[in-house]
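Q: First, the structure itself, so that you have it in front of you.
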Amino acid sequence: MTLMRTFLGAAASLALAATAALADPAIIFDLGGKFDKSFNEAAFTGATRWAEETGGQFREVELQSEAQREQALRRFAESGSNPIVMAGFAFASALETVAPDFPDTKFVIIDMVVDQPNVRSVVFNEHEGSYLVGLLAGMASKTGTVGFVGGMDIPLISKFACGYVQGVKAANPDANVIQNMTGTTPSAWNDPVKGGELTRAQISQGADVVYAAAGGTGLGVLQTAADEGIFSIGVDSNQNHLHPGSVLTSMTKRVDVAVYNAFTEGADLETGFNVLGLSNDGVGYALDEHNDALLNDEMRAAVDAAKAQIISGEISVHDYMSDESCPVM
Amino acid sequence: MDFLTLIQILDSAVRLATPLLLACLAGLFSERGGIFDIGLEGKMLAAAMLSASVAAVTGNVWLGMFAGVGISILLALLHGLASITFRGDQLISGVAINFLAAGLTVVIGQSWFGLGGRTPSLMGEGRFKSLEWPLTETLEGIPIAGPLYSELISGHTFLVYVALLAVPASWFILFRTRFGLRLRAVGENPAAVDTAGISVVRLRYAAVAICGVLCGLAGVYLATGLAAGFVKDMTAGRGFIALAALIFAKWRPWHAMGACMLFGVLEALSNRYQSIEAPTYIIVAILIVMAAGLVWSSRKSLLDLAVLGGVAFLLVTVGTVSLFSSGLFGQTAIPGQFIQALPYILTVVILAGFVGKATPPRAGGEPYVKER
């Protein structure tokens with residue numbers, strides 16, 4: 001009898017746990033991995049913050065290959081996770097096919113627009129944040145030459161580059177910006193050796209500030225900049241602490257906020273188009289104890305003024321994605 | 001392009017070519033001994049991972065180096081065990097090592113450091129410093145020779161010089177010693193070696209072990225010389241490029257150095273310039289020569305003619321288009337991607353038998369079975 005009760009009790013608690021798991025949100029990290037110190041890590045931070053504050057649980061998976069995208073999405077949707085957050089533009093085509101099959105599940109895709117009734121598309125105004133760090137780069141540069149190292153050659157990264165160049169030119173109209181993309185395949189997000197080599201090539205052409213928008217590749221850029229004694233600018237997460245005194249600032253993209261919001265709103269989140277920009281602190285530049293000494297009062301005043309002007313609409317930063325071209329490049 | 005730029009590009013090329021060169025020589029020893037090794041990539045990756053881990057924990061790059069080379073030798077001997085002792089398929093064993101390394105490095109790295117497969121960034125003594133040669137400051141002022149010495153020759157890490165010295169050493173061992181003669185013989189005709197009373201198995205294990213040492217050094221250089229720590233998949237296909245270089249060099253040490261340097265220069269060029277401008281008439285001339293060469297080389301076989309003729313037609317079309325868009329004396333931009341793809345194109349051309357014939361060691365890929 002007691003044995004029977006134990007079994008029944010165990011079965012009941014299992015069933016309870018299963019129903020609890022049904023409502024759990026889920027997050028899928030892209031190929032960079034959730035500890036890339038950059039984009040995916042920001043998403044992970046947001047999810048962890050939600051879990052700590054609410055005591056809830058979330059399911060997660062790190063992709064290992066392109067082929068797993070649709071598979072991972074379907075598995076989470078079938079097991080009842082809701083909402084499902086995807087960190088990365090590359091999920092778009094997989095989501096297009098999966099979303100209609102699960103009309104009751106809410107999906108959130110970051111960095112891409114997918115037009116489905118049950119999808120929230122979160123995009124960031126990276127060009128605005130990049131403009132601000134470009135302004136700082138232009139002011140910090142002594143040689144008048146600054147660099148940009150992008151990850152994979154896609155329009156999203158050109159959006160970073162275009163905003164950055166506009167910022168640099170705003171600070172110094174004669175400035176020269178050297179741009180390099182690491183590659184054309186997803187492995188371009190994870191090649192610090194090539195990132196470092198590109199940085200050395202830019203330094204030898206006179207660059208003394210280099211902005212890395214390249215995920216894990218950026219770690220090599222920041223390392224080389226620190227070795228060679230020039231400034232670098234981090235991206236997505238606040239990377240100032242990686243090499244204090246060398247990382248001038250970081251272009252923060254609050255992927256964590258996007259994930260946190262989605263998890264908090266839970267299964268009944270609003271779908272549609274969601275833009276995070278300077279005005280709602282979705283993007284910005286990082287200032288902390290690690291780069292406090294690097295930014296002088298003049299630079300801080302200029303960047304704060306520019307931020308206010310962008311929010312009020314006085315300065316309009318061109319968005320590369322709007323017409324796939326950049327007036328200053 | 002001024003002289004200083006040229007020096008900087010060559011400097012970058014030397015850095016980029018070093019891991020290729022070490023891996024290429026590793027493959028050279030293994031394949032000359034009759035053991036095909038497509039597991040170069042995996043061995044490099046494992047060596048990079050373990051050397052970065054040990055260097056991060058102990059703060060001593062030399063311990064890291066020994067650990068990295070050690071794991072590479074272990075994997076090489078595993079390959080040897082599968083393909084020499086158990087006479088398994090050498091390609092399958094190599095692929096297995098690649099998968100093993102790609103997966104294990106991340107899993108073990110995650111459980112050791114909790115950084116998602118990365119190792120902590122290496123500081124101070126945890127990395128190989130670049131060696132400044134004597135008198136760099138004094139000689140820098142001399143035109144041409146000065147920058148050549150201070151930028152190009154001096155200022156690399158220890159392992160770059162090891163790689164460069166490994167080339168004449170490999171040549172000497174393979175072509176001027178008894179051991180080298182036997183090693184080459186075992187790759188060409190193991191039965192003859194066996195008849196002479198020399199152990200085929202022992203020679204092949206020696207070849208594989210040397211391959212492990214060199215491959216390990218390549219991985220160690222990636223993680224502790226070029227970068228400052230391990231990142232998952234950081235070899236990014238360099239093991240396979242080294243194999244391409246090996247074919248390109250037709251399994252000869254000096255040519256291997258030339259091939260790796262060529263690959264390095266091309267990569268450095270594409271890093272430096274996103275696109276290269278050249279006068280259109282030069283490009284058109286090169287394209288036409290290439291097309292003519294392709295057709296000429298395929299004149300004996302109808303199938304070859306169909307395939308290579310198609311490629312030749314494509315080249316001529318590209319030439320015509322660029323001619324019409326910019327005029328004969330205008331400038332045409334060559335995209336950086338093309339420069340980067342050039343090594344692979346060259347390798348395919350060589351494999352197709354266009355520029356001489358690439359003949360691998362005759363007994364390569366076959367396990368040796370003693371006659372009964």
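Placed from the backbone N, Cα and C atoms, the Cβ positions cover glycine too.
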Q: For the record in TrEMBL, which of the ranges B:12-30, B:240-258 is the transmembrane segment one?
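A: It is B:12-30 that TrEMBL describes as transmembrane segment.
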Q: For the transmembrane segment (B:205-231), name the stretch out of B:12-30, B:65-84, B:158-175, B:281-299, B:305-329 with the most CB-CB pairs under 8 Å.
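A: By Cβ pairs under 8 Å, B:65-84 leads among B:12-30, B:65-84, B:158-175, B:281-299, B:305-329.
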Q: Same-chain Cβ contacts of the transmembrane segment (B:281-299) under 8 Å, 6 or more residues past its ends?
A: 305, 307-309, 311-313, 315-316, 318-319, 322-323, 328-329, 332, 334, 352-354
